[in-house]
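According to TrEMBL, the domain 'Acyl-CoA dehydrogenase/oxidase N-terminal' annotation covers A:45-157. The domain 'Acyl-CoA oxidase/dehydrogenase middle' feature in TrEMBL is assigned to A:162-270. Residues or ranges marked as domain 'Acyl-CoA dehydrogenase/oxidase C-terminal' by TrEMBL: A:284-450. Residues or ranges marked as domain 'Acetyl-CoA dehydrogenase-like C-terminal' in TrEMBL: A:467-594.
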Number of protein chains: 2
Amino acid sequence: MSEYRAPLKDMRFVLEELIGLEQIARLPQCEEASPDVVAAILEEGGKFAEEVLAPLNRVGDVHGAVWQDGEVKTAPGWKEAYTAFREAGWTALARSPEFGGQGLPKVVATAVMELWKGSNLAFSLCPMLTQGAIEALMLCGSPEQKKMYLPKMVSGEWTGTMNLTEPQAGSDLSAVRTRAEPVGDGTYKLYGQKIFITYGEHDLAENIVHLVLARLPGAPEGVKGISLFVVPKFLVNADGSLGARNDVRCVSIEHKLGIHASPTCVLSFGDHGGAVGTLVGEPNRGLEYMFIMMNEARFAVGLEGLALSERAYQKALSYAKERIQGFEVGVKSGPRVPIIRHPDVRRMLMLMKSQTEAMRALAYTVGAAFDLAHHHPDESVRQRSRGFVELMTPVVKGWCTENSVTIASLGVQVHGGMGFIEETGAAQHYRDARITPIYEGTTAIQSNDLIGRKIARNGGVIARGLIEEMRLAAEKLRAQPGEDFGVLARRLGAGIDALEKGVAYILETYGSNPKAAHAVSVPLLELFGIVCGGWQLGLSALVAAKRLAEGGGDEAFYRAKIGTARFYADHVLARAPALGMTVTEGAAGVLALDEEMF
Amino acid sequence: MSEYRAPLKDMRFVLEELIGLEQIARLPQCEEASPDVVAAILEEGGKFAEEVLAPLNRVGDVHGAVWQDGEVKTAPGWKEAYTAFREAGWTALARSPEFGGQGLPKVVATAVMELWKGSNLAFSLCPMLTQGAIEALMLCGSPEQKKMYLPKMVSGEWTGTMNLTEPQAGSDLSAVRTRAEPVGDGTYKLYGQKIFITYGEHDLAENIVHLVLARLPGAPEGVKGISLFVVPKFLVNADGSLGARNDVRCVSIEHKLGIHASPTCVLSFGDHGGAVGTLVGEPNRGLEYMFIMMNEARFAVGLEGLALSERAYQKALSYAKERIQGFEVGVKSGPRVPIIRHPDVRRMLMLMKSQTEAMRALAYTVGAAFDLAHHHPDESVRQRSRGFVELMTPVVKGWCTENSVTIASLGVQVHGGMGFIEETGAAQHYRDARITPIYEGTTAIQSNDLIGRKIARNGGVIARGLIEEMRLAAEKLRAQPGEDFGVLARRLGAGIDALEKGVAYILETYGSNPKAAHAVSVPLLELFGIVCGGWQLGLSALVAAKRLAEGGGDEAFYRAKIGTARFYADHVLARAPALGMTVTEGAAGVLALDEEMF
């Protein structure tokens, strides 16, 4: 079986040549992120991913996490890998030095996260959820809560979870019923059941810090009556040592299509007198706080789409180079050839490669904008970057994860019959990928966020700003000589036109005919992703052309960047005008049938 | 869990109203297929599918087939179900009365086959492979072979297999190495290993009749040196009773992503002295004969795409109607609603429904053309119909199966987090569907067949004939009043234009630049499928409009037909022009990178 190779060359191309890491390293609090330091970090991370995490990916799939009597045992080798992971300091990479973190920029953390998710998705979920919990406590926790939890969470000795979903409350959190009763000493007792809790119970760490949505007595109905609580698995004594086992139990774990090694828990709070917790921030603002974690997590799940696509591509590519089958097209005799010589295998690989590179460029660019939004000295840059991050978060989440499903599916197809055999490993990616467009908000939830909060609420100002920026890139492509750039400019221009009309349609209908706007919100999200991907690959091709003109670099690498962009233009970006038509004309069809006509 | 319901209403709509079953029943040898008789058969078949096969679908997935010491045990209940299946006469439905069959037309057998594949795909593979083997023996077997094997195979007492693939010879059958040595008494001894043999060993029937590709001593290299042999699991005595166990063993079965209940066998021939077989037809013509089975099987696998899509759709629809979650779009208060009220859920269901109906209409139309090709008194009709069947076989196989993967994926998505839980059942369809674009020839193999044998070889005459026929339908749509029909006419017209250009591109390049033609053959196949689907839904909408104008029918049903076609036009058929551009302009991008640049 082929193993995962950290795609360092392409990562560094995006970080150094496309985004310009030195720009980020000039920002206050980001000074440490010099290209050399970042390259060394990626090198180390890549080694860890390749040597420790990747070999456990199939082990985890086969063994899964095992529940027994309320405890969850992770797969063989997982505990040792997690210990090595936190001892190497990977959990602390992007966290504030105040709590023991290394304070590296988001864009660097983004690239590093891709390594974990690409090498072992099921493993990566544990640190990812912990990061989200840290973020929420950092921003909303009391000084006592921060002191009690953050250092151990940043060090990875304790992990964190997000407890949102209940059986009757999936995407609709207003239906949450878990209740929290004040004890009188500043603590609360929680009662209720939460489902789909990732790493809600496991044996990797000493303690698990649950962040839990619950209702206080007399709280308003709906989303405005939900508060956030921190409920540790083991209570924490004043001196920081572990105290009594809290009244939260894992009553079962799910039998899932994929990510078998990541325990998806049903947690029961308060079956034996109440689970002790403390309130985070103010009462009834829980959902707002949870969204802090959720936006982190949504972006991170978008990276999963990218990372799984990279992994599936590597696997398919390696098989396509090794597997000898058939003769070259147009040649009747001669030796049999590796299947990468067959044009349709080439087409599938190019679909995988080009979309993966487009996703990486876009996701890292969003990561860099996150740093600009936080650290740039100029308020207008901060504001513009914040707008871009907000607009792009649902796009990165929705587009990259939906792509990963089709890309993992292509990965199986490249393998032919062998792809359907579990031992080959391609099928695991196909199974694992399927959760990514669902958890942390389905694609429809992302698209609702996109058309509502991110477009309609600001009158489309941010989207139009992005469209203008993309038009400048199309201009540059047009000015570049050569057929490839002509095609790129034309397709990107047509894509931007389609997107502009799509955004205008949403602005027109969101208030007056919200059903129509929502009926085409997912096609709009897909359109957004495809066009932004084309924009990023277009910029990459421009960088490559410059390097080629300068000479002396890795010529094949830069020529591949241009060829890959060209492929994307004709096979992916070409879909944009059709998607645009679906957005502006497709709502009637969605709503054509009455419910009873189905 | 929702159960499978035979989609009899829609099946009968296609058979009776779209195709016109009475036309088929007027053909010689098809007289028994009156609408009443066919309706009764479908009713019975639907009952069997719903009551016997569907409940075993998950049982089979969970238990799988189990190999032990060369024997394969099917899942609990499977043997009883198979016995009931053959006793009810379902194996003999479309077979010649000469060998105990009922001789019903292909179009009826097509609808009945959808029932088996929709209710239990893994089960259906056993009779399907048997049908292919029967077909090959009927057409190429000697009188003795026919007498020895066909009655028992038609009755289902014995089953059949296709033994093509070897470890080094997947899609490339020219690499087959299994050898057959003449004994001198008219029999042969076979030696070699075959892989991916569906139902190569099982406990459902008394005997298994293997059709095996192998090489005779001194046979030419490549595909022209392959002969076809019949090798039974148990030798058959002159009186028809079972004799000695033959030297063919199942040495293992595969651990697969899906269709767990269908044993995928590694068969070893001749480990203990040679497996006894007889030659089918003439030496070195094996591949040609195997293609007879393969074309049957390819069409049948296309039906799997349709049937799985129907099943996934039913499951998603039932969940969407039951699952209460969130509020209606644009309504801030009021009761929570079933998720089918949410526009994006509606969009996903419409994608599933409209494409499923398009596939059914197209596949059944091809089934009917098969009957016309065989039985119509007018040679020109027979010839035209044969051309249509040949052109459409790779399209039905490739397009319907690729669709089933995305439709099963949508089915998971409609279920949200529950879709990822195996017990829900949606995930099984996603896993099962994934094999369909691979076996019996991958989509690339289908598309090679399409552009080579089915388009280039005849100078595009057959494709152009179909295009003309579709243009007539577009004309009729244009003449029909109402916005829906205007949109349908416009989109179908644009789709046909794109297809025409795509076909012209293939004709131009197939000889002069075969790599370019092959580089875009799969997009062309997809374009073919999408446009033909639009044509069929357009015709369905015209039938519906006529019925609505006449009055008195099921108004909601016919209005739904028009609404579904409208949705398809804006969400699926709208993609055709972009696909057309990918076909005519996309080859350069596919071939842009040298092999070492990947």
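Note that Cβ sites are derived from N, Cα and C of the backbone, with glycine treated the same way.
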Using DSSP, break the domain 'Acetyl-CoA dehydrogenase-like C-terminal' (A:467-594) down into helix, strand and coil residues and give each count.
113 helix, 0 strand, 15 coil
Helix, strand, coil residue numbers for the domain 'Acyl-CoA oxidase/dehydrogenase middle' (A:162-270) per DSSP?
7 helix, 54 strand, 48 coil
Arithmetic mean of per-residue pLDDT over the domain 'Acyl-CoA dehydrogenase/oxidase N-terminal' (A:45-157):
95
Composition by DSSP (helix, strand, coil) of residues within the domain 'Acyl-CoA dehydrogenase/oxidase N-terminal' (A:45-157):
81 helix, 6 strand, 26 coil
